[in-house]
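Down below is the structure, laid out as structure tokens.
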Amino acid sequence: MSSRLRPGPLLAGVAALLLALLGSVLLGAADLGWTRVLGEIWAQLTGGHSPLSEREAAILWRLRVPRAVLGALVGAALGVSGAAFQGVFRNPLADPYLLGAAGGAGLGVTLVITMLPQAGSAPGAAQAAAFAGALGGVALTWLLGRSAGNDAATLVLAGVAVGAFLAAGQTFLQQLRLESLQQVYLWILGRLSTAGWSDVLLVLPLLLVSGAVLCACGRLLDLLGTGDEEAASLGVHPGRARAVVLVAASLATAAAVSVAGLIGFVGLVVPHLVRLAFGGTYRIIVPLSLLFGGAFLVLADVLARTALAPAELPLGVITAFTGAPFFAVLLQRSRRA
Amino acid sequence: MAANSGAFARGVAASHRTRRAHVAHRPDHEDVMLGFRRIPALLLAVLALLFAGTSCATRTPSPAPEAPVEDPAAAFPAQITIEGQEPVTLPQQPKSIVSLSPTATESLYAIGAGEQVKATDQFSDFPQHAPRTDLNGLTSDAAAVAGHDPDLVIAPEGAGKLVEGLHELEIPVLVTPSAASLDEAYAQIETLGQATGHSRQAHDVTRRMRDDIAKIVADTPKPPEPLSYFHEVSPDFYTTTSHSFIGGVYRLFGLTNIADEAGGAGNDFPQLAQERIVQADPDLIFLADAKCCGATPQSAATRPGWDTLTAVRENRVIALDDDIAGRWGPRVVDLVRSVSDTVARTQRP
């Protein structure tokens with residue numbers, strides 16, 4: 001088992017992501033014909049004549065491509081933050097929503113939709129509320145955990161408590177304003193169906209920064225994995241290292257949630273898959289989880305769009321459908337090992 | 001249906017009997033109309049009215065009916081049947097109804113049973129003076145409903161637990177499923193008429209609905225080529241096929257639904273891929289998510305790729321009233337009118 005990221009796995013990750021993106025651009029509910037799509041791409045590159053009509057070009061460049069890109073970004077964010085959370089907590093069951101991000105985002109969105117229906121329907125309002133809520137949830141967990149010691153186990157327990165509390169708050173608000181149920185659920189289920197370039201531009205900077213920070217933190221996570229004292233003896237401040245990773249991972253999670261809702265299983269399953277295939281050190285797992293997370297979500301979205309085309313399946317359903325059985329298999333294997 | 005019309009006939013016969021009984025102290029329309037022929041008779045009628053009013057005011061409470069009863073108690077006991085639901089037996093005319101379905105609430109008021117309605121669910125926002133409570137047909141428990149002391153509860157389909165609870169408490173419950181067609185909607189209104197002792201008025205209401213809708217459809221200019229439409233239920237493109245109730249309304253005008261391919265297999269409410277909507281380029285777009293989710297023709301126009309759509313370019317994106325578009329009550333005529341207006345607009349230069 002190597003401890004450094006070799007070119008082979010890295011290339012595999014990049015290739016998986018590019019192939020997924022290509023498939024996503026070629027396939028969709030609108031039947032554009034993959035040769036014509038390739039012709040259009042070629043025409044854009046060479047300045048030649050496009051085989052697509054104006055409307056078909058709009059479907060390709062303003063609906064399908066941004067959706068694929070957003071899927072890649074969200075999947076990458078969930079994959080990389082899932083790996084980071086698993087590293088920090090030394091717990092293979094950790095996922096990006098562990099520290100109250102899901103509950104916070106849900107409460108934020110519900111608050112805006114139920115209490116400020118006018119502002120809530122403004123473009124970007126629900127996204128902003130989800131983002132703020134997710135960060136708020138993590139901050140609350142952090143504060144609660146800190147008052148009780150701030151070690152990894154305490155943080156997880158604090159996250160469970162905060163998550164349950166925020167979810168209860170959300171349910172309470174929904175009961176007050178039942179007419180908003182539909183809108184809240186639409187958001188929570190997780191979707192890329194309304195994705196456009198504006199969503200991509202909204203989250204791209206956040207995901208670039210947090211993704212880069214997390215990829216750079218692989219070695220820190222490996223050191224933390226050897227134990228706090230060991231890490232300290234090697235010149236790492238465990239508390240500070242944990243804080244950096246958690247802030248970056250929470251930021252990535254919050255950004256993903258804000259544009260795509262709560263999409264489960266990506267952050268849990270993808271790091272496991274990577275660990276199984278390529279080895280056990282976080283220097284490898286973290287960047288590869290970013291690449292394969294992106295590829296996984298893009299492929300899941302292709303399925304969501306094409307399985308029942310021209311109808312859609314909710315994306316969260318696809319990731320759970322493919323993720324949950326996979327997770328069961330993983331559990332079996334880890335028990336036998 | 002047979003049970004319905006039988007009860008209807010019973011109701012009409014009985015209504016004649018009561019009318020005779022009521023004439024003694026309550027002049028009704030026919031008497032007043034006759035009075036217009038001669039002034040003295042009119043004066044007499046007015047006097048009779050005054051007398052009736054004062055005599056009622058001074059009389060000690062008597063077992064006379066409190067709510068305005070159109071059909072008589074003689075139509076009861078009645079057995080009420082809605083297809084696919086357990087028949088409900090009502091020993092006498094209900095005087096204290098709890099309606100947990102906004103559609104049923106609208107219908108009850110339209111057929112003159114409003115005064116019998118003692119409480120409605122929180123979504124029953126029409127008519128405005130309906131006695132709204134925080135009850136909810138899908139989440140409230142039987143005790144909360146029983147607290148309003150109903151002698152008839154009208155529940156929406158899907159209120160399974162609540163219905164069980166009310167059965168335990170021996171409170172009659174009429175479950176009203178979502179109508180799948182205009183005919184089912186009419187049948188449901190007439191069933192409500194039978195259940196509340198307003199068969200005749202319910203029949204009048206549905207006849208008027210049929211006539212109004214037929215006239216609106218007949219008066220709508222027929223487009224030279226069939227128009228296609230997209231009916232948006234939610235901003236992430238849940239929609240309805242033409243096999244749904246609302247699809248039936250659009251079918252009246254010969255419109256074709258761009259989501260029909262996506263439905264099928266009993267799914268009348270599919271989620272459509274956005275690129276599919278743009279590719280299909282519907283002639284008309286109806287937004288039934290204006291109230292719930294703030295969709296407007298303006299916001300629809302800013303969605304990616306939507307500026308290429310004919311409906312957007314030609315200003316044929318129409319915001320419907322979510323409630324009217326989501327219910328199968330008497331206001332469906334308003335919905336038919338909106339669709340007619342839109343279809344007519346496409347015919348003008």
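Glycine residues also receive a Cβ, built from the backbone N, Cα and C atoms like all the rest.
For A:68-85, A:97-119, A:125-145, A:152-173, A:200-222, A:243-270, A:282-304, A:311-331, the entry in TrEMBL reads transmembrane segment.
Highlighted: of the candidate stretches A:125-145, A:200-222, A:311-331, A:200-222 has the greatest count of Cβ pairs under 8 Å to the transmembrane segment (A:282-304). Ranking A:97-119, A:152-173, A:200-222, A:243-270 by CB pairs under 8 A with the transmembrane segment (A:311-331) puts A:243-270 at the top. By number of Cβ pairs under 8 Å, the transmembrane segment (A:68-85) is matched best by A:243-270 from the list A:97-119, A:152-173, A:243-270.
Beyond the transmembrane segment (A:97-119), the same-chain residues lying 6 or more positions past its ends with a Cβ under 8 Å from any Cβ of the stretch are 85, 89, 125-126, 129-138, 140-142, 155-156, 158-159, 162-167, 169-170, 173-174, 176-177, 180, 183-184, 187-188, 246, 250, 253-254, 257-258, 262, 264, 267.
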